[in-house]
Each structure stands twice: as C-alpha cells, then as structure tokens.
C-alpha cells in the first residue's frame with residue numbers, strides 16, 4: 001500500500017481559509033450513525049461528549065483534491081454566516097488524512113425527505129417554509145453571496161420546525177454590489193433562465209429557484225420532472241414560466257407569489273427582500289405547525305418500519321442438511337454403498353397462501369434435483385419444476401434402488417407442498433440445442449432438459465418430491481407421472497417497462513418501428529468517413545447503432561460474449577432479436593439481448609438493470625469522464641462544479657482556442673446539424689440556443705472533422721467514431737431530431 005504524503009495542517013488551514021482545530025475530533029464527538037452521502041463526502045450524526053449536543057459531521061478524504069477545492073467554497077461561506085436560517089458551522093478538524101467539518105444537525109431532514117413521506121405539503125406550511133427561506137436568502141444577498149442551488153433537498157428543518165438553508169457547495173461570493181456571475185451551475189429543474197443562458201445573474205436567480213421549490217412542495221415534484229435534464233436545459237429559456245397544474249385548489253395569493261418568483265426577465269423579478277412583504281408570506285401561522293409536520297412524518301416512518309418488521313417475522317424459515325447411509329436391507333438391493341445428502345429450505349406462512357420449498361439432493365450416481373413449487377392456484381401452469389441430471393439411463397433395478405435411497409434420506413422432511421394438486425405432465429418435450437439460432441431467444445440453455453434425461457430422472461425426482469412433501473396415499477400413482485419441466489419452450493423472451501418515463505431516462509421518439517437495429521455498412525478507418533451529398537437526405541442512426549471497422553475482431557475475451565451480426569444472419573422474423581453490442585448512448589429505449597458464456601440469454605437494457613463488474617468492457621471507453629482535471633479555459637466551458645454534466649466527453653485533446661473561438665468556421669452549427677437531420681426548415685428553427693449547447697456541437701464538429709480528414713489507426717478510428725455517435729445522440733436528444 002502506498003504511503004500517503006504528510007499534510008501540513010497550517011497550509012491546509014490557509015488553503016481552506018478557516019482555522020483547523022488541533023484537537024482529535026474522536027475525543028470530542030461520538031459518532032452515532034451515518035446520515036448519508038453529501039455533496040462531497042459522508043455525513044454522520046454525532047454527539048458532543050461534554051454537553052450532549054447533537055451535530056452533523058461531514059468527513060472528506062483529503063486525497064480527493066477536487067473535493068477539497070469544492071468544499072472550500074462551502075466552508076468559507078458557512079464560516080462567514082451567522083444567521084438563524086443558515087446552517088451553523090462549528091469548526092473543522094484534521095485526522096487520518098480526512099477533514100472533519102462540524103455543522104448544525106437538523107433532525108427533521110430536508111423538504112425533499114418530507115415529500116417522500118407525505119407527497120405534498122399544505123399551503124400554510126409552504127408559506128412558512130418560503131418565508132423562512134427568503135429570510136436566509138435575503139441575509140446571503142445582503143452580504144453579496146449567491147446560493148445557486150436552492151431546491152427542496154437543500155432546505156432543512158430541525159425538530160422545532162426551524163428552516164435552514166444548507167449545502168453551499170456551489171455558492172459564489174460577489175465581490176461588489178454590481179458584479180454578477182456568468183457560470184453554468186445549479187440543478188437543471190430549479191435553474192433560472194439567465195443561468196442556463198450564461199448571462200449575467202445575481203441573487204435573483206435564487207428567487208427563481210425558490211419559486212420552483214414552491215411548486216415542488218405543492219405538487220411533490222418540480223415542473224418538467226418527467227423530461228430529461230438535458231432537454232430541460234433547452235426548454236426553460238424558451239418556454240413560458242411554469243405554474244401550478246391545478247389552480248383551483250390553491251389560493252390566488254399563492255399563485256401570485258409563484259408568478260412573481262418565476263418572472264422570466266430578471267430585471268422585473270422581485271428580490272428576496274421585496275418578496276418578504278408579499279401577502280402570501282405574511283402568514284400568522286406559528287412555526288409549531290412545521291414541528292408538527294416533522295413529528296407526523298417521523299411517526300409515519302416509524303409505523304411503516306414496524307409493519308415491515310412484523311411482515312418479516314411472519315415468515316417461518318427452516319433449513320437443514322441431512323446425511324444418511326442406507327440400511328443393510330437397502331444395501332442388499334444395491335451392491336454399491338450409496339450415501340445420500342439432502343438440503344431442504346422451506347418457508348411456511350400461517351395461512352398457507354405462500355408456500356415455498358426447495359429440495360436439493362445429491363448421491364454417488366451424480367443426480368441433482370432442484371424443485372420449486374409456488375403456492376397452489378387453480379392454474380397449474382404457475383407450478384413448475386426443473387430437473388438437471390448427469391447420470392446415464394439406469395436399469396430398472398437401479399431405478400428401484402434410487403427410489404428407496406431417496407425415500408430413506410428424506411423420510412423426516414416435511415414440506416407445505418403436500419396439500420397441492422398434482423401437476424399435469426407435458427409430453428414429448430423436444431430436445432433443444434442451447435445455442436441453436438432458431439431458439440436463441442426462447443429459453444435459457446441452463447434450464448433445458450432433454451426428453452431422454454427427463455425420462456431417466458422421473459422416478460428419482462418423483463420419489464424425492466413426494467416423500468419430502470409427505471403426500472397422502474391417494475397421490476401415489478399420480479405423483480409418479482407429475483414431475484415435469486414446465487418451461488414454455490415456444491415463447492420468446494419479452495421485456496416489460498422498456499419505455500418507462502423517468503426524469504433520468506425518458507423515452508425519445510425514434511424513426512424505427514421494428515424491433516431490429518439498423519446495420520451500417522462497414523467503413524475503412526484509414527480513409528475516414530466521407531461527407532454525404534447535402535442534397536441527399538441523411539438517414540438518422542438509432543442510438544443502438546455502431547460503426548464497425550473492417551479490421552477483424554479476434555479473441556475478444558469477455559465474460560459476456562458479444563455476437564456481431566452481419567447482413568448474412570439477419571432474420572426477418574419479428575420474434576428474433578438482433579444480438580448487437582450495447583450502445584453507450586443514454587437515449588436508447590430498446591433492449592439488447594446478449595448471451596453469456598453458458599449460452600443463457602441475458603437482457604442488458606432497461607432502467608433497472610445493473611452490469612456486474614465482470615461484464616465491463618476489457619478496454620476503457622473513451623466515453624468515460626476524464627480522470628485528469630481540465631485546463632482553466634475548459635473549466636469555463638465545462639465546469640466541474642456543475643450539477644449536470646456530459647460525462648462521456650473527452651475534452652483534454654480539444655484545443656481551448658478551438659472551443660473559445662468566435663470565428664464563423666468554428667461556429668457553423670447549421671452544417672453540424674445538417675448531418676443529423678435532412679430537413680433544413682427544422683434545423684433553422686433550432687439554431688437559437690445557449691453557448692453551452694453551442695460548445696457541445698463544436699465538439700461534435702471537431703471529432704467529425706478528424707474522422708473525415710485525418711488518417712487514424714483502426715483503434716483510434718473506432719474510439720473517435722464512438723465519440724461522434726455519443727455526441728450525435730445527445731444533440732438529437734436535445735433538439736428532438
């Protein structure tokens with residue numbers, strides 16, 4: 001392990017701009033529990049040993065220089081603030097290459113936390129929260145500070161109902177009354193139009209964010225929450241100001257307050273001080289209604305936790321392993337000595353409605369039986385069993401011996417499946433190859449049992465299952481015939497919820513109506529991509545398309561083998577999916593099916609799927625966020641402290657002069673968009689956008705120019721093509737091309 005470089009505490013104190021207390025924090029505070037992960041580290045609840053005061057401690061590793069750079073802003077703001085509506089800062093400590101920042105603890109959580117419990121907040125409660133938040137903002141603005149990230153998640157409440165502004169990680173200091181910021185920072189859904197357009201802005205940007213937060217408290221979510229964040233960045237400056245969805249249930253003064261906060265022109269938008277005189281804010285309700293709100297939410301959470309604990313206790317689980325050697329009489333029937341092992345896992349509910357049983361047996365003849373029976377229903381198709389065997393077809397005597405051995409080993413096993421109806425067998429199950437091209441989408445190969453194997457193990461499986469279930473005598477003959485494989489071999493695998501709408505990954509319109517992806521013609525990397533005729537309509541690529549090279553791909557060693565399709569193996573049957581590499585684009589709503597080393601089909605799409613570490617590509621993709629920090633000029637364009645970023649951009653190899661240039665040939669956005677859409681009228685209507693989006697298109701033009709005009713190695717060509725596809729997909733998402 002590498003030895004960490006010693007840190008000079010005095011230099012660290014000078015760097016942060018606040019004194020570092022010399023004491024060991026663990027001798028002063030007792031850590032109780034982790035509250036979560038903050039913007040730049042972990043946050044813990046702690047208690048002061050001497051006075052018993054509860055505090056929140058943010059612990060940050062000093063090895064992360066970016067985190068230190070960002071947290072310095074928060075500490076400098078908090079250390080200078082002393083106001084009831086601002087989270088109080090108590091001091092900083094240094095221990096084990098970690099910075100401990102001690103702050104005020106707010107036991108009520110954030111407004112967003114409350115909305116997770118009660119969905120919406122009443123109008124009187126919203127008025128109080130907005131009034132207290134405006135007091136905190138007015139204090140900040142008078143000291144020439146901007147919060148820049150006001151939202152429900154950064155407005156905290158304590159147990160007494162007091163409202164505190166928190167998380168000053170992106171706050172900025174205004175050095176004089178007339179100075180304004182012009183950096184792109186904040187959370188997209190709460191962001192003011194002037195911030196997105198990178199115009200000059202001041203504390204009135206916080207007022208806009210508070211208006212969005214008021215809608216968030218009233219409706220549970222901010223406006224446009226079902227839209228992709230990058231799309232929202234484009235929508236906010238162009239569309240009308242948001243408003244409450246159902247105005248009939250809210251008072252006129254509340255609606256007027258929101259409209260004042262969400263005035264598009266910042267020059268006409270009132271300040272925080274002016275809004276403190278608004279009729280909606282002049283409420284006579286006491287802060288005790290907020291403390292009652294916090295208490296009610298805590299009660300609901302505690303009751304919910306109690307119900308969950310009771311549900312877990314209702315399930316009766318039993319697991320036992322039994323090893324038994326057959327008796328002398330059983331050995332006489334079989335010349336070989338057989339030792340049987342069985343593992344049984346059962347769960348029984350009192351009402352008998354949810355009964356699960358798993359029986360696994362293994363003997364010296366290497367037969368394995370895995371059986372899972374769901375609760376008895378009128379539809380027998382809901383009950384299924386899987387039989388896997390490694391033995392040769394036994395003789396009649398061996399079958400009889402196997403039956404008696406299984407009965408002996410499982411004699412004391414009791415299972416709830418004894419009350420279930422016999423299942424009807426499926427006859428003439430076809431033998432299917434696990435990697436057959438005709439059946440690649442129908443059934444996982446590991447679960448396929450051939451017809452002769454099913455016949456071989458019917459007797460053994462039946463005896464194990466029926467004895468484990470303690471079946472009655474009227475089931476003797478029926479159960480021998482009822483161990484079957486209930487997989488539906490003729491149904492393709494289907495995926496649901498592939499187009500679920502969420503703020504992170506909404507479905508985007510596509511020109512494709514079939515289930516297959518477009519197959520592109522291979523290109524030669526050495527010659528680059530040729531520009532298409534501008535008179536010829538350009539067919540848009542889908543987000544799942546890849547641009548392969550003519551260089552043969554050999555020995556691709558990955559746990560999940562990827563099958564590249566060409567024009568010779570395309571099947572027009574709608575039931576067959578094309579197996580293709582997964583696109584890195586975030587806009588795809590289509591599920592890609594690929595096989596693992598065992599031939600089992602695996603879904604890699606969908607919002608809830610997670611890739612295991614073993615399924616990561618062998619080579620790091622150029623679409624990853626660069627590890628190196630960007631130059632100062634690039635920081636002005638793609639800021640690290642911006643909440644919403646494009647993580648796949650690799651910008652270190654792009655000249656700062658290129659991105660910062662105002663020369664027309666570097667800003668010909670129309671030609672870049674022409675390659676993505678053939679409709680000139682549509683393009684001309686999309687050319688009004690912020691410099692931030694313009695720089696994105698500049699990056700696209702840069703990489704396309706390299707692809708078309710410079711010689712590259714095959715590897716460089718593939719990487720550059722991938723970047724072009726990623727950027728093109730993002731631009732098409734923003735402009736809905």
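Each residue, glycine too, has its Cβ placed from N, Cα and C.
Matching 233-289, 575-631 against Swiss-Prot, the residues noted as region 'Disordered' span 575-631. Between the listed ranges 305-356, 669-720, Swiss-Prot ties the annotation region 'Disordered' to 305-356. There are 18 other Cβ atoms within 10 Å of the Cβ belonging to residue 35 (ATP binding site).
Spacing of residue 43 (ATP binding site) relative to residue 149 (active site, proton acceptor) is 19 Å (Cα to Cα, whole number). Under the DSSP three-state reduction, residue 37 (ATP binding site) is assigned to strand.
It is 149 that, of the recorded positions 37, 41, 43, 149, has its Cβ surrounded by the most other Cβ atoms within 10 Å.
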